[in-house]
Protein chains: 2
Amino acid sequence: MDYGKKVTASCPATVANLVCGFDILGMALNDPQDEIEMTLSDVPGIRISHTDGYALPSDPAQNVAGAALLDLMKEVQEPVGFDISITKHIKPGSGLGSSAASSAGAVVAANHLLGNRFSSKDLVRFAMAGEKVASGVKHADNITPCIMGGVTLIRSIFPLDIVQLSAPPLFVTVVHPQIEVRTSDARQILRKEVLLKDAIRQWGNIAGLVSGFLQKDYDLIGRSLEDVIIEPVRSMLIPGFDEVKSRSKEAGALGGGISGSGPSIFMLSRESETAIAIEVIMKEVFQSIGIDYKTYVTTLNTTGVKVKSEY
Amino acid sequence: MDYGKKVTASCPATVANLVCGFDILGMALNDPQDEIEMTLSDVPGIRISHTDGYALPSDPAQNVAGAALLDLMKEVQEPVGFDISITKHIKPGSGLGSSAASSAGAVVAANHLLGNRFSSKDLVRFAMAGEKVASGVKHADNITPCIMGGVTLIRSIFPLDIVQLSAPPLFVTVVHPQIEVRTSDARQILRKEVLLKDAIRQWGNIAGLVSGFLQKDYDLIGRSLEDVIIEPVRSMLIPGFDEVKSRSKEAGALGGGISGSGPSIFMLSRESETAIAIEVIMKEVFQSIGIDYKTYVTTLNTTGVKVKSEY
C-alpha cells in the first residue's frame with residue numbers, strides 16, 4: 001500500500017440520454033470538469049472536504065463520492081482510508097452529470113491509488129451507489145461516459161452491460177439556465193406507458209443515432225436526434241427550450257435537446273463556427289427571457305476521468 | 001426502350017424485426033428465394049402468370065408484384081408493359097417476406113429493364129405499394145433488405161430513411177411450421193401501449209444489436225437478441241416456440257426469435273455446425289408436436305435481389 005500517495009483527477013461533465021436514448025446513452029464533455037484531490041491514508045475511513053460553495057454534505061454516506069467509495073471499499077481487503085478534496089465546476093442540478101463526476105472521479109482516483117485493481121465495469125458499479133444517493137436511482141448513463149470517455153451505451157443496467165461507441169469529432173454547445181429541475185421531479189412527470197407507435201419511432205431513431213456515431217455519418221446523427229417520448233414532456237419545464245432548439249438547427253446544429261433531466265440544453269455541431277454561433281443564440285434567448293445562464297462551447301471528451309499522480 | 005428484353009430475378013427471403021427491432025430491422029437470407037421472369041413489352045399493362053400452386057391473384061392491382069409495378073409505372077413517361085412469370089419458393093404466410101420478395105423482385109427487375117433509372121430508395125417506395133396490398137400496411141422492413149441485401153434499418157418510414165448496416169458473416173437456421181398466422185392478426189394482438197420501462201429495455205437492446213452488427217461483436221449481438229414487448233405476445237401463436245428457442249441457445253445459437261410476424265422461427269449462429277445442430281432441434285420439436293414444418297440452414301444474403309439478362 002502506497003500510503004500518503006496523492007492524485008488529482010479531472011472529472012468531465014456528461015450529457016445523458018442524447019435526445020432519443022433515454023436512460024441508455026451518454027457522452028462526456030471537455031468542459032466543464034470537476035477536480036478531485038485524493039490521498040491514500042492508513043487511517044481507515046473517508047474524509048471529504050469541499051473547496052466550493054455548494055454546501056454539499058461531507059458525511060460519506062450522504063455524499064455521492066463518499067457513497068461510491070464506501071461501495072468500492074467493501075471489495076478492498078486491506079485497511080485503507082481516503083482524504084478527499086473536491087472542487088466542483090459542474091453545478092449540482094445542472095443536468096450535466098455533476099453527481100456522476102464526483103462519484104466517478106472518486107472511484108477512478110481511488111482505483112489509481114490502489115494500483116488499478118478494478119475494471120472500468122467495476123468502477124461503474126461502485127459509482128452507481130453514488131448516483132443512488134443523488135437521485136434515488138442507480139443509473140449509469142452519466143457515470144459510464146464520465147469514466148470511459150466518448151459516447152457510451154448502457155445496453156442493460158441489471159445485469160450491467162456497457163458498450164463503448166466510437167464517434168466522430170463533435171462540437172458541443174451547452175446552456176445552463178439557472179433554474180432548478182430536480183431529477184426526481186423530471187422523472188415523475190413522465191408517463192409510465194407510451195404508445196407503441198411512438199416507441200417504434202424512438203427505437204428507429206436510437207438505431208439511427210448509434211449507426212450514425214459508429215459510421216461517422218453526421219447527417220444520420222442529425223436526422224436521428226429526435227425524441228418523441230421524453231422531450232415533449234420535459235421540455236415544458238425549461239423556458240426557451242423550443243426557441244433555442246429551432247434557432248440552433250437553423251444555424252446549422254446537427255441537433256440536440258435536454259441534457260440529462262435538464263435544465264441544461266446541448267447542441268451538437270460538426271464545425272466550431274456553428275458551435276460558437278449557437279452560443280450566441282443561447283445567450284440571446286435567455287437574456288430576452290430574463291433568466292441567468294451559463295454557456296459552454298466545448299468538444300466531445302474521449303478520455304473520461306484523467307488521473308495525475310502528485311507526490 | 002429495349003422492348004422484348006427479358007430478365008430473371010432471384011428474390012431472397014427476409015427476416016423482419018430481428019427480435020428487438022420491431023418494424024425497423026430486417027435481414028436477407030440466401031435460401032429460400034423466389035424467381036421472377038420479366039419481359040419488357042411495348043403493349044402497355046402488366047400481365048402476371050404464376051408457375052406455382054399458391055393461387056395468388058393475377059390481377060395487377062390485387063397482386064403484390066403488380067401493385068408495386070403500377071406504382072413504379074406512374075413515374076415512367078414512355079408507354080411500357082411487363083410480362084411476368086413468378087415462381088414462388090417462399091411460401092405466402094411463412095413470415096419470411098414472401099410478399100416482399102415478389103414486390104421487391106418485380107421493381108428491381110423492371111428497373112433493370114428500364115436502364116436502372118431509379119435509386120434503391122425509389123424501389124423501396126414502389127415496393128411498399130405491394131406490401132400494402134398484402135397486409136394493409138405500407139411497411140418496408142422486408143422490402144429493404146430484399147432489395148439491398150444484408151441487414152437494414154428503417155430509421156423512419158414517413159419520410160423514408162433507410163440505413164444499410166454492415167454485419168459479420170452469420171448462419172441462419174429457420175423452421176417454418178405449417179400453421180397460419182396472418183400478419184394482420186399478429187398485429188392486432190399487440191397492445192397499443194407499452195410500459196416505458198419495457199421500451200427502455202427494448203431500445204437498449206436495439207442499440208446493442210446495431211452496435212453488435214457494426215462492430216462485428218458476436219457476443220453483443222447475442223446478448224441484444226431479446227424482445228420484451230412483441231415476442232411475449234406473439235410467441236403464444238406459435239406452438240413449440242419456447243422449446244425451440246431455449247434448446248437452440250443451449251446448442252450455441254447467438255439468439256433468435258419470430259421471423260416477421262411468424263410463424264417461422266429463425267436462429268442466428270456464428271458457426272455452420274451450430275446452425276446444423278439447431279436444425280435437428282427444430283425438427284425434433286415439431287415432429288414431437290405433430291406439426292408439419294420446413295427447415296432451412298442458410299446464411300446472411302449480402303446482395304439482395306439479383307438480376308440476370310436473358311436474350
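Any Cβ shown, glycine's included, is placed from N, Cα and C.
What TrEMBL records for this protein:
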DOMAIN    B:66-150  domain 'GHMP kinase N-terminal'
BINDING   B:Lys91, B:Pro92, B:Gly93, B:Ser94, B:Gly95, B:Leu96, B:Gly97, B:Ser98, B:Ser99, B:Ala100, B:Ala101  ATP binding site
DOMAIN    B:210-286  domain 'GHMP kinase C-terminal'
DSSP-derived structure type at B:Ser99 (ATP binding site), helix or strand or else coil: helix
Surrounding CB atoms that lie within 10 Å of the CB of B:Gly97 (ATP binding site), all protein chains: 31
Near-site residues: ATP, ref B:Lys91, B:Pro92, B:Gly93, B:Ser94, B:Gly95, B:Leu96, B:Gly97, B:Ser98, B:Ser99, B:Ala100, B:Ala101, CB cutoff 8 A to centroid: B:Ala13, B:Ile90, B:Asn142, B:Gly260
Those residues of the chain, 6+ apart, with a Cβ under 8 Å from that of B:Ser99 (ATP binding site): B:Val64, B:Pro92, B:Gly130, B:Glu131, B:Val133, B:Ala134, B:Ser135, B:Asn142
All-chain count of other Cβ atoms within 10 Å of B:Lys91 (ATP binding site): 17
Least surrounded among the binding-site residues, given as B:Gly93, B:Ala101, when other CB atoms within 10 Å are counted: B:Gly93
Set of same-chain residues at least 6 away whose C-beta sits under 8 angstroms from B:Gly95 (ATP binding site): B:His176, B:Val181, B:Ile258, B:Ser259, B:Gly260, B:Ser261, B:Gly262, B:Pro263, B:Ser264
Average model confidence [pLDDT] within the domain 'GHMP kinase N-terminal' (B:66-150): 95
